[in-house]
Amino acid sequence: MELAMVNLSEGNGSDPEPPAPESRPLFGIGVENFITLVVFGLIFAMGVLGNSLVITVLARSKPGKPRSTTNLFILNLSIADLAYLLFCIPFQATVYALPTWVLGAFICKFIHYFFTVSMLVSIFTLAAMSVDRYVAIVHSRRSSSLRVSRNALLGVGFIWALSIAMASPVAYHQRLFHRDSNQTFCWEQWPNKLHKKAYVVCTFVFGYLLPLLLICFCYAKVLNHLHKKLKNMSKKSEASKKKTAQTVLVVVVVFGISWLPHHVVHLWAEFGAFPLTPASFFFRITAHCLAYSNSSVNPIIYAFLSENFRKAYKQVFKCHVCDESPRSETKENKSRMDTPPSTNCTHV
């Protein structure tokens, strides 16, 4: 589901949209829309760069050495975020830049559908990562048999299949509508309003609330276990496990904050009288931008909280400079620079 599908100023509801707060035009569009487009542009640029860098770092593991389950889940999260940024934000930006929908029926269905798929893949992947951390720390003796690449890949496949299935009603009910004023809008239309209410509730419960509760449960167990076992762990092992848990926990908290306003808007619009005021307009736009920004903040979190990722980032740039260095370098330097980064560099 997409914020623009509710009866909001983007015009994707079942009734004529109310006018947004009056503002002076700037470059042919309203000031609010112009600012929103600038924010979209920043989110897009930061997200594409950051997620591409994360994918590059994780892809440069030593040949023949299996990737950690944590890294596979992070890789899946980055791929979903990057695909969303590339396939959704540029098209959705036209809603703010143009007075009518010009991209056709397929794009209308696809961007709203993939928006929901990406949201679900993200939360389900974060839930899987929390379970992975729980098994690694609380059940460390059994984790070696459970936390293998094969199981992680099966989990990733299941996450995508479940997300694609859960988002299918969005693609089915998203339609183009034409007005007498020669304007076209990409709207969501459900023949039965009760079905739409049920879908909104199910998406909130199964695509937000329950995964967050599972995540909270796993991290409560992890923190309790670390507190009890603190004295029996080596300082290096203790610091490594705490840092990994901290990184994933921050990613989860940011996700929860980023998507909560989105769900509040949808539930409010379906079950209450959503006010059409300048304040509510600002809240909707803020919810919209927060939801989009979640796809670009995870690489920043890795960079600030994970020392191993920072080292891996530097290694990527170092190898890039190395590849473009003159061939007249000594054999010793060339051999050292051409060595691929160790897999340990990418273990968050």
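Keep in mind that glycine also has a Cβ here, set from the backbone N, Cα and C atoms.
Per Swiss-Prot, topological domain 'Extracellular' is recorded for 1-34 (among others), and the stated evidence type is sequence analysis.
The N-linked glycosylation site feature in Swiss-Prot is assigned to Asn7 (among others).
Feature annotation from Swiss-Prot assigns N-linked glycosylation site to Asn12 (among others).
If you look up Swiss-Prot, you'll see 35-55 (among others) marked as transmembrane segment, on the strength of sequence analysis. Within the same chain, residues 29, 74-75, 78-79, 81-82, 85-86, 89-90, 92-93, 96-97, 285, 288-289, 292-293, 295-296, 298-300, 302-303, 309, 313, 316 sit at least 6 positions outside the transmembrane segment (35-55) and bring their C-beta atoms closer than 8 Å to a C-beta of that stretch.
Per Swiss-Prot, topological domain 'Cytoplasmic' is recorded for 56-70 (among others).
Nonlocal intrachain contacts for the transmembrane segment (71-91), taken as residues 6+ away from its ends with a CB within less than 8 angstroms of a stretch CB, comprise 40, 43-44, 47-48, 51-52, 54-55, 58-59, 61, 103, 107, 110-111, 114-115, 118, 121-122, 125-126, 128-129, 132, 149, 152-153, 155-156, 159, 292, 294-296, 298-299, 302, 346-348. Taken from Swiss-Prot, the feature transmembrane segment applies to 71-91 (among others), supported by sequence analysis.
As annotated by Swiss-Prot, topological domain 'Extracellular' applies to 92-109 (among others), with the evidence given as sequence analysis. Taking DSSP states H, G and I as helix and E and B as strand, the topological domain 'Extracellular' (92-109) has 12 helix, 0 strand, 6 coil.
Under a cutoff of 8 A between CB atoms, and with a sequence separation of 6+ in the same chain, the neighbours of Cys108 (disulfide bond) are Trp101, Gln174, Arg175, Leu176, Cys186. Positions annotated as disulfide bond by Swiss-Prot, on the basis of sequence analysis: Cys108-Cys186.
Residues or ranges marked as transmembrane segment in Swiss-Prot: 110-131 (among others).
Per Swiss-Prot, the feature topological domain 'Cytoplasmic' maps to 132-151 (among others).
The transmembrane segment annotation in Swiss-Prot covers 152-172 (among others). If you look at the transmembrane segment (152-172), the same-chain residues 6 or more away from its ends with a CB under 8 A from one of its CBs are 1-2, 5, 69, 72-73, 76, 109-110, 112-117, 120-121, 124-125, 128, 132, 188, 199, 203, 206-207.
Residues annotated as topological domain 'Extracellular' in Swiss-Prot: 173-197 (among others).
Look at Asn182 (N-linked glycosylation site): DSSP puts it in coil. Among the features that Swiss-Prot reports, N-linked glycosylation site is placed at Asn182 (among others).
Outside the transmembrane segment (198-218), and at least 6 residues removed from its termini, the chain residues within Cβ reach (under 8 Å) are 1, 116, 119-120, 123-124, 126-127, 130-131, 133-134, 166, 169, 190, 252, 256, 259-260, 263, 266-267, 270. Taken from Swiss-Prot, the feature transmembrane segment applies to 198-218 (among others), supported by sequence analysis.
What Swiss-Prot lists as topological domain 'Cytoplasmic' is 219-247 (among others), and the listing cites sequence analysis.
Beyond its flanks by at least six residues, the transmembrane segment (248-268) meets 1, 3, 6, 8, 70, 119, 122-123, 126, 129-130, 133, 200-201, 203-204, 208, 212, 215, 219, 274, 283-284, 286-288, 290-291, 293-294, 297-298, 301, 305, 348 of its own chain at Cβ-Cβ distances under 8 Å. What Swiss-Prot records for 248-268 (among others) is transmembrane segment.
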- request: Report, as numbers and ranges, every residue of the chain located at least six residues beyond the transmembrane segment (110-131) whose Cβ falls under 8 Å of a Cβ in that stretch; write 'none' if there are none.
  value: 1-2, 4-5, 70, 73-74, 76-77, 80-81, 83-84, 87-88, 91-92, 155-156, 159-160, 162-164, 166-168, 170-171, 174, 186, 188, 203, 207-208, 211-212, 214-215, 218-219, 248, 251-252, 255, 259, 291, 294-295
Message: Using Cβ atoms only, which residues of the same chain lie under 8 Å from Asn182 (N-linked glycosylation site) while being at least 6 residues apart in sequence?
response: Thr100
